[in-house]
Amino acid sequence: MAGKAGRKQASSNAKIIQGLYKQVSLFLGMAIVRLFISRKVTIGQWIKLVALNVPMFVALYIIVLSGKPKYDGNRVVKQGIDLNDNTNLISYFFDLIYLSLFGNIGIIAFRTFKFWWCLLLCPIYAGYKLYGLKNMFMPGAQQTQADNRSKNANEGQSKSKRQMKRERRGETDSKIKYKYR
């Protein structure tokens, strides 16, 4: 029972990696065939195809290296990191792979490399995430001032909630001071 979760994660990772291999080989193969049957193909277009797919291959290599399970016979030795987890760096590698495949779809359908401009979304998105992370650990001047104001307001508020509620009721119910049963 103890190794059941590890075996489950290992089989899930193996399926994900196998699916990635199928998708990459399908779309890249179709893009290569499309360039082969095109009439006006230059060496520069082949170099572009290779150069623009290098980030995808690096991301795929890192995913396989870190997520591929290792077996010793029928026993799982290492299950790899969880590839279904969206909170780690692996999710960005998946995004990079899918954006590269989108660029290959542009080659397949329209014989253009303009779809590869979508790869600029990766560093922009990473910068956005890093900026949010920076603000979480190193707040700016505006956030520091707002925190100081809220601390001062909390220090000035020395009365408990019950006392404040009594004062409010006292202001509204000034006619009735005692209630008998």
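Even glycines carry a Cβ here, placed using N, Cα and C.
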Looking only at what Swiss-Prot records, are LYS40 and ARG168 on the same side of the membrane?
no
Short question: which residues 6 or more past the ends of the transmembrane segment (16-36) have a Cβ under 8 Å from it?
45-46, 49, 53, 56, 60, 63-64, 67-68, 83-84, 97, 101, 104-105, 107-108, 111
Per DSSP, what is the helix/strand/coil residue tally across the topological domain 'Lumenal' (37-45)?
4 helix, 0 strand, 5 coil
Cβ-Cβ under 8 Å with the topological domain 'Cytoplasmic' (1-15): same-chain residues at least 6 beyond its ends:
67-69, 71, 75-76, 79-80, 82-84
Could you pull out which residues elsewhere in the chain have a CB under 8 Å from any CB of the topological domain 'Lumenal' (37-45), counting only those six or more residues past its ends?
111, 113
